[in-house]
Amino acid sequence: MQTYLLSQQFNARSLAKNSTACPANATICNGTSCVLPEDNFNETLSVILSAVLTIMLALVMFSMGCNVELGKFWGHVKRPWGIFVGFLCQFGIMPLTAFLLSLAFNVLPIQAVVVLIMGCCPGGTASNVIAYWVDGDMDLSISMTTCSTLLAMGMMPLCLFVYTTMWTDSDTIVLPYDSIGISLVALVIPVSFGMYVNHKWPSKAKIILKVGSIVGAILIVLIAVVGGILYKGSWIISPKLWIIGTIFPAAGYSLGFLLARVAGLSWHRCRTVSLETGMQNTQLCSTIVQLSFSPEQLELMFTFPLIYSIFQLLFALLILGGYRVYRRYRVKTKTDVEKTEEKEDSKSTSSHAKTNGGFVSNETK
């Protein structure tokens, strides 16, 4: 009897000790095995931040629309050579580059698929903000983003069918057409309002554009920070994906610029096509990945869209910094040359005036 009581006391102490190993919010606790309630922190944070970012994005695109002239925009639509070059870059160069990188680095099939999904996505709206800062063609930039998002409805399934057949069945990839449609609406409506404001009140549109460009720069950084918060548990992935995530956007920027230049586009349009090619809609890629794969598969691939987003932003900032340095040096040099020429012209004019009795023609004034 005494032995039985001691055994009961020992078991009670053991259970009490084991129970302390379970968190206070555990719903079922059996020894050290505990069932915890589902952590909805990331889901709640994602919903709140998505709403805030959507509102900010709409405001930014409204301000970008304030720099678009309806006549020039319509000119790109009627003579869509620039849009066609962008289309070749977006749905020709990028999926092919994704395919070649996946083969070159011999990644897992599931990882190759996420790289290809990223390559098949349309251009992101961040490219419009960067295009403004590098003095790109805003009319072409916005028309390219709009057209690539619209054409993604048909081109994404086609590209994924062509390139993913050696790794997976394309039917397993779920394309969120509602998300693509929402992206299109969120782009077209604010830009349309901005174009109307630019048409009716040009002076106010310039003020809105300056404020919106600053907000846009903040928004790009904020999206990167938010991604780091939401997906902080998924950073341990294959080093090969980190390397691909570094090379891929750089290849997109370079090849887009090269093809635009070969196609005979002007320099400011080449910069625009380059940015539209390298900057992908990473949010759309993340949505497709979440809808298409199991949690076990997501552990191998889920962070890649965020990696691509970070490096596409870093390279875009390098392009912006390089352009600003070049522009400052070029403008300064050009100004000095013009001032020198003006001085020489004024000297020759004054000597000419003395020779001709002080008469100066209207053409030389």
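Positions of Cβ are set from backbone N, Cα and C atoms, glycine also.
Summarising the annotation, TrEMBL assigns compositional bias 'Basic and acidic residues' to 336-347.
Look at TrEMBL and you will find 352-365 tagged as compositional bias 'Polar residues'.
According to TrEMBL, the feature region 'Disordered' maps to 336-365.
Sequence annotations record features per position, and here TrEMBL assigns transmembrane segment to 45-63 (among others).
Within its own chain, the transmembrane segment (83-105) is flanked in space by residues 76-77, 111-112, 115-116, 118-120, 122-123, 140, 143-144, 147-148, 151, 155, 159, 162-163, 167, 240, 243-244, 247-248, 251-252, 255-256, 259-260, 263, 265, 273, 276-277, 280, which lie at least six positions past its ends and keep a Cβ under 8 Å from the stretch. The transmembrane segment annotation in TrEMBL covers 83-105 (among others).
The transmembrane segment annotation in TrEMBL covers 112-134 (among others).
Look at TrEMBL and you will find 140-163 (among others) tagged as transmembrane segment. Same-chain residues lying 6+ beyond the ends of the transmembrane segment (140-163) with a Cβ under 8 Å from its Cβ atoms: 64-65, 68, 73, 76-77, 82-83, 86-87, 90-91, 95-96, 98-99, 116-117, 119-125, 127-128, 131-132, 170, 173, 175, 177, 180, 183-184, 187-188, 191, 269, 272-273, 275-276, 281.
Taken from TrEMBL, the feature transmembrane segment applies to 175-195 (among others). With a cut-off of 8 Å between Cβ atoms, the residues of this chain six or more beyond the transmembrane segment (175-195) that come close are 54, 57-70, 73, 122, 125, 142, 145-146, 149-150, 152-153, 156-157, 160, 205, 208, 281, 284, 287-288, 291.
Residues annotated as transmembrane segment in TrEMBL: 207-229 (among others).
For 241-260 (among others), the entry in TrEMBL reads transmembrane segment.
Feature annotation from TrEMBL assigns transmembrane segment to 306-326 (among others).
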